[in-house]
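Per TrEMBL, substrate binding site is recorded for 21, 22, 23, 37, 60, 61, 62, 63, 117, 157. Feature annotation from TrEMBL assigns (2R)-3-phosphoglycerate binding site to 37, 117, 157. Among the features that TrEMBL reports, ATP binding site is placed at 332, 358, 359, 360, 361.
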Ligand SMILES: Nc1ncnc2c1ncn2[C@@H]1O[C@H](COP(=O)(O)OP(=O)(O)O)[C@@H](O)[C@H]1O
Ligand SMILES: O=C(OP(=O)(O)O)[C@H](O)COP(=O)(O)O
């Protein structure tokens, strides 16, 4: 692969579009609950500003219709505090107003454009040539001289702002992208056996990761937690009660049960599911073993239980490499934080080489003050795709 980095770019005086991933957990008032992903991009943005670039930041926040879908104004305000360069916010992404804001930049100045996903095309997947013709890419390419992709955490998405610009402009990997690819590129050389711990809420991505880990042989065992585990438990024929089944249905993940069942058929001896879970009963955490299922109709499975944590940590003791993405439960609520805290602490303490990643995963690690991982990636889904031998669409697009 021939990917150019900032070392290859002459940017002085140029308008540079920089795609970052500052998709962050939000608090109840829509402010940033965690700014780690903003910190991660400081190096790239500072370097570009110091080298005299006129920097237009492109990013997304949340998914259309989701709880965390929102404006990038709080992100711009925080970046203004984190960078030495002045940072403005523009309430538009590629319209005449946005283009004027980019053209008005002086060297060393930064503007954060509005959430790319406010535009419907940005939440679709295109091949790069078609992405280059979308309104967003077409509009902005006319006022940009170069494009930098630093959004490693979104590099598995073939969306316009991630894959469309390299067909129109000189394109480079930013420092986050470069460093992540360096560290995560050599999974086949890490110590065996390898365990993949997949949790969190992005079930289709995690089922794909499990599939690739098992089919490629890179993964010896897959341990499931979070909503991913609920889907595997359903696939194994367990009755999780109405509340959990409704949740899976509402998220549009019902068909993932068939994919999980197929994996259990083919690789059941290498897949682990929880042996106990936690639900809310009378306002408190209540642990149920599998033989006490189903939970009552209004009791959703919100965490893995202590037996599961113990079994998983014991199994991880013999792993050479542990790859982990996704909280084991609704860790934001202290009632359901135990599974994530105790399992993550077990991974941190294990002798294995450990790679963990994901926005919420990193946020949980900071919340529980855990150290001892070998690499904490900015990416969750993107990191795991790479770590199961898949190519990332946005990285392929940079290969010019
Ligand atoms: N059993 C569960 N029910 C509902 N949500 C869950 C459950 N387990 C984990 N989650 C949620 O998953 C979210 C994180 O998932 P995800 O975005 O996939 O992780 P990451 O950002 O680390 O890749 C958290 O907000 C957490 O509350
Ligand atoms: O948070 C992200 O991914 P992650 O949850 O895998 O860490 C990225 O911003 C990608 O977001 P998306 O999964 O809505 O495309």
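Think of each number as a place in line: the chain as shown, counted from 1.
The backbone N, Cα and C atoms fix where each Cβ goes, and this holds for glycine too.
Worth saying up front: this structure is predicted, and the values here are computed from it rather than measured.
Location within the structure of each feature annotated in TrEMBL.
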residue: 21; record: substrate binding site; Cβ neighbours (10 Å): 27
residue: 23; record: substrate binding site; Cβ neighbours (10 Å): 21
residue: 37; record: (2R)-3-phosphoglycerate binding site; Cβ neighbours (10 Å): 24
residue: 62; record: substrate binding site; Cβ neighbours (10 Å): 16
residue: 117; record: substrate binding site; Cβ neighbours (10 Å): 22
residue: 157; record: (2R)-3-phosphoglycerate binding site; Cβ neighbours (10 Å): 22
residue: 332; record: ATP binding site; Cβ neighbours (10 Å): 15
residue: 358; record: ATP binding site; Cβ neighbours (10 Å): 26
residue: 360; record: ATP binding site; Cβ neighbours (10 Å): 24
residue: 361; record: ATP binding site; Cβ neighbours (10 Å): 25
In the chain carrying residue 60 (substrate binding site), residues 6 or more apart in sequence that have Cβ under 8 angstroms from it: 21, 23, 115, 116, 117, 122, 154, 161
Here's one to test understanding: among the binding-site residues 37, 62, 157, whose C-alpha is closest in space to the C-alpha of residue 359 (ATP binding site)? 37
For residue 21 (substrate binding site), which of the three DSSP-derived states applies: helix, strand, or coil? coil
Across all the protein chains here, work out how many other Cβ atoms are within 10 Å of the Cβ of residue 359 (ATP binding site). 22
Restricting the binding-site residues 21, 60, 358, 359 to those with Cβ under 6 angstroms from ligand 1 leaves 358, 359
With a radius of 8 angstroms around the mean position of the C-beta atoms of 37, 117, 157, what other residues of the same chain does the (2R)-3-phosphoglycerate site pick up? 21, 23, 59, 60, 61, 116, 151, 153, 154
Sorry to bug you, but what's the C-alpha spacing from residue 37 ((2R)-3-phosphoglycerate binding site) to residue 360 (ATP binding site), rounded to the closest Å? 11
Please report the DSSP secondary structure of residue 62 (substrate binding site), reduced to three states. coil
In whole Å, how far does the CA atom of residue 358 (ATP binding site) lie from that of residue 157 ((2R)-3-phosphoglycerate binding site)? 15
Could you tell me which of the binding-site residues 37, 62, 117, 332, 358, 361 have their C-beta within a distance under 6 angstroms of some atom of ligand 2? 358
